[in-house]
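These notes are about the structure you will find just below.
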Amino acid sequence: MKVLNEINVVCLLTCSIFLGVTAQKHIQHSDNPSTYNIGGVLADPDSEAYFRRIISHLNFDQQYVPRKVTYYDKTIRMDKNPIKTVFNVCDKLIEKRVYAVVVSHEQTSGDLSPAAVSYTSGFYQIPVIGISSRDAAFSDKNIHVSFLRTVPPYYHQADVWLEIMFHFGYTKVIIIHSSDTDGRAILGRFQTTSQTNYDDIDVRATVEMIVEFEPKLDSFTENLIDMKTAQSRVYLLYASTEDAQVIFRDAALYNMTEAGHAWIVTEQALHANNTPVGVLGLVLEHANSDKGHIRDSVYVLASAIKEMMSNETITEAPKDCGDSGVNWESGKRLFQYLKTRNITGDTGQVAFDDNGDRIFAGYDVINIHEKQKKHVVGKFYYDGEKAKMRLRINDSEILWPGKQKKKPEGIMIPTHLKILTIEEKPFVYTRRLSDDEVTCDEDEIPCPLFNATDGSENENCCRGYCIDLLNALSHRINFTFDLALSPDGLFGHYTLKNVSSSSSGAIKSRKEWNGLIGELVNERADMAMPLTINPERAEFIEFSKPFKYQGITILEKKPSRSSTLVSFLQPFSNTLWILVMVSVHVVALVLYLLDRFSPFGRFKLTHAESNEEKALNLSSAIWFAWGVLLNSGIGEGTPRSFSARVLGMFWAGFAMIIVASYTANLAAFLVLERPKTKLSGINDARLRNTMENLTCATVKGSSVDMYFRRQVELSNMYRTMEANNYDTAEQAIQDVKKGKLMAFIWDSSRLEYEASKDCELVTAGELFGRSGYGIGLQKGSPWTDAVTLAILEFHESGFMEALDKHWIFHGNAQQCELFEKTPNTLGLQNMAGVFILVAAGVAGGVGLIIVEVIYKKHQVKKQKRLDIARHAADKWRGTIEKRKTLRASLAMQRQYNVGLNANPGTISLAVDKRRYPRMGPRAPEQAWKTDADILRNRRYLVEATKGGHTPVVHMPILGKMRPPTNMLPPRYSPAYTSDVSHLVV
């Protein structure tokens with residue numbers, strides 16, 4: 001057995017190679033087959049007979065069959081057992097080399113047998129054309145790879161639903177479907193087609209609620225209770241006949257089949273025996289015409305084979321089901337040719353989509369009248385001129401639920417609304433309740449914040465402009481509401497999200513909104529405020545008329561006043577101050593020179609005029625020049641000469657002009673200075689070409705952000721400011737106050753409010769991007785017109801103006817205007833430099849006096865040292881002179897003594913005896929004292945002084961002595977001269 005298998009494998013490989021080579025030669029040199037077998041798996045003998053007849057007639061139709069080409073029929077009966085069907089297809093069709101198979105079945109037998117034919121034929125790439133199978137499963141090309149059908153699947157009725165919704169103007173529906181493949185397919189088809197083919201959101205049908213149920217229902221009451229809470233009263237139903245009976249039974253119990261409701265159902269549900277009066281349903285044209293579908297399928301097949309024969313060579317079809325390795329490429333190509341057919345047949349325009357499903361199928365719009373009578377009130381048909389499907393309905397013939405002739409509104413207007421808001425001063429102020437607070441204040445409304453991530457809830461209270469407006473609206477148009485804050489804290493902007501299509505698999509971009517807009521679009525809120533009206537948002541939601549007209553402006557901080565320490569120097573430029581300083585000293589120097597060299601100056605006066613002032617020196621001249629300039633009194637040091645005084649008068653005039661100009665400019669700079677804005681508006685060149693030192697920003701994803709994105713001329717500016725954008729307006733305004741952000745671009749209402757509250761802030765330039773604040777509502781909301789009319793009445797009555805005065809301006813705008821018109825009061829920051837100048841003068845004077853004192857002490861010490869040195873030198877010099885004089889006197893004395901030694905008895909002796917009577921005889925001594933005598937006398941003097949006696953002072957040269965009475969006369973050696981006549985003058 002193993003050997004046989006190996007041989008079979010080798011044979012198969014050899015045959016495959018041989019067949020490949022033969023096929024290549026056939027493509028190049030051989031013609032296409034001249035005979036084509038068409039298989040048929042049909043439900044009854046009549047269909048088989050009609051199939052054979054159609055094949056016979058086809059051979060004589062030269063429009064579809066070329067010459068020398070013949071078609072043959074190969075038919076079998078559809079067996080309810082899918083396994084037997086498989087064997088029959090292999091033994092009786094594939095063995096006969098059929099190029100395609102037409103399959104039909106009884107509606108009561110199920111789709112298992114047609115599926116078996118599709119599986120078996122598809123395995124060998126043999127195209128299968130179904131004429132009665134409408135299940136969504138046959139659209140899956142991963143399973144039914146070569147299946148086409150001349151009848152559309154059930155879920156294609158969603159296309160007709162959308163056309164009916166558009167015709168009646170219904171924009172909000174509830175879809176009820178079974179949880180099987182067809183039920184989910186019809187929901188997906190409805191949503192996808194609605195977003196793809198209906199770009200105008202004003203007419204686009206949106207699904208408010210989806211109700212999915214398991215087949216074979218027992219009760220539907222729980223779902224009906226939830227449906228009654230929805231706004232929509234239009235129900236789209238896909239269900240089997242049995243399930244539809246249960247749904248209609250329970251709906252009647254809840255009066256949901258009476259007036260005000262609208263039911264649109266598919267074919268299966270329309271066959272229920274208790275279908276309510278007024279229900280609209282669809283019935284496929286030629287749904288039970290097997291003969292028409294057989295003829296169309298055969299002619300579609302013949303058209304595809306003819307075109308394929310003219311373009312390429314068709315190889316023979318597979319013959320043996322046991323050959324699992326056969327891959328019939330011509331079958332794949334033939335399937336592609338079949339999908340491109342578009343012919344007019346007995347069942348209408350026959351064409352196929354990429355899944356091989358029939359398109360351009362016609363439907364009858366059925367209206368249920370009394371006693372279950374079905375009345376055709378419209379058609380969904382193919383328009384050959386425009387090559388598309390059209391819907392035509394006769395509204396006057398429709399009988400609606402409750403036996404009404406008037407079309408239902410399709411929506412129930414709720415009186416209790418869910419309203420969302422967001423903190424935006426002054427329109428909405430929020431305050432979180434503290435732990436000890438239970439309720440909000442009288443002027444506040446509870447507005448909880450629901451956290452979508454963790455499901456928590458924070459209790460908050462809201463007040464403001466919009467809260468007062470909301471209260472007025474609720475009383476005016478009679479509704480109640482629950483207020484809550486935006487879950488994500490955003491106004492709302494859209495992002496493009498890539499979504500893959502379930503049918504085609506293509507990736508498409510879809511806009512998804514967040515914030516307040518997202519809550520309205522997803523129908524999680526009925527109303528939202530405040531919102532700036534712009535085209536991007538108006539495409540997805542509805543807006544009321546603006547309750548506040550505004551635009552976009554720029555907020556910045558006012559330039560700070562010049563309050564530096566040298567503010568008093570601002571009236572003159574640096575150059576002028578330097579020239580004034582130089583002029584003072586130049587004039588002083590010239591005054592000094594004129595008065596110095598003038599013949600009439602003080603330097604030339606006689607000394608007799610002792611009562612005149614001192615002469616003008618250079619320091620006095622500088623003092624005079626500064627005194628005139630500073631307008632201070634000049635007590636001394638004025639010029640004497642006429643020429644100097646003329647210069648002084650001109651200098652006084654110069655000083656008067658300079659001082660007057662300085663005073664005037666100082667008043668202009670420090671008192672009348674009014675700061676202006678740094679920017680002129682949105683067209684300021686510094687904004688258009690943003691510099692590094694100028695930062696501007698707005699709020700991410702806001703209406704202002706959208707405005708900049710769609711303005712081409714502001715693209716360069718937007719690219720620069722995009723990186724600086726803030727999450728909230730509150731953060732940006734705080735940074736403007738702190739000086740971190742130079743320009744914040746936002747809605748004018750908010751920025752005017754901030755500027756009126758803080759006079760240090762100012763709005764720059766004119767408004768641009770004018771729009772308004774409005775109330776956002778869902779598309780098709782029944783409250784839109786009522787809210788708009790109420791707002792218009794509020795404008796006319798002055799209520800909106802009162803809200804503006806109370807919440808936006810607060811009366812602070814007038815205070816800021818008065819502040820701008822009032823002259824500035826000089827403060828310490830303005831004149832601090834002058835005080836510092838005086839303090840510097842005082843410090844300089846104290847410092848100089850300290851230097852003077854230290855210098856004077858140094859000079860006094862130096863003078864004392866000089867005086868001591870000079871006195872010592874003078875004393876030393878006197879001592880030297882005395883000694884010289886003494887030596888000279890001694891020398892003269894010796895000369896006299898030589899001449900006096902011959903006459904010892906002289907008058908001197910007599911005199912001495914009289915003066916010193918007690919003096920006894922003594923030996924001859926020296927006449928002049930020697931150094932030893934002098935030392936002896938000094939010792940005597942010292943001893944006498946110690947003893948309390950007054951010493952005798954001996955003069956060095958003939959001095960007078962005052963000897964005391966108790967002192968002995970000095971001894972002279974050798975003796976007294978007797979002759980002193982030569983000493984008497």
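Even glycines carry a Cβ here, placed using N, Cα and C.
Per TrEMBL, disulfide bond is recorded for Cys759-Cys816. The domain 'Ionotropic glutamate receptor C-terminal' annotation in TrEMBL covers 435-810. Under the heading domain 'Ionotropic glutamate receptor L-glutamate and glycine-binding', TrEMBL lists 449-522. Summarising the annotation, TrEMBL assigns signal peptide to 1-23. Here TrEMBL flags Leu679 as site 'Crucial to convey clamshell closure to channel opening'. Residues annotated as site 'Interaction with the cone snail toxin Con-ikot-ikot' in TrEMBL: Arg709.
Sequence features annotated in TrEMBL and their locations in the structure.
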residue : record                                                        : Cβ within 10 Å
Leu679  : site 'Crucial to convey clamshell closure to channel opening' : 21
Arg709  : site 'Interaction with the cone snail toxin Con-ikot-ikot'    : 14
Cys759  : disulfide bond                                                : 16
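Here Leu679 (site 'Crucial to convey clamshell closure to channel opening') is positioned 17 angstrom away from Cys759 (disulfide bond), judged by their C-alpha atoms.
Cα of Leu679 (site 'Crucial to convey clamshell closure to channel opening') to Cα of Arg709 (site 'Interaction with the cone snail toxin Con-ikot-ikot'): a span of 22 Å. Over the domain 'Ionotropic glutamate receptor C-terminal' (435-810), the average per-residue pLDDT in this prediction is 80.
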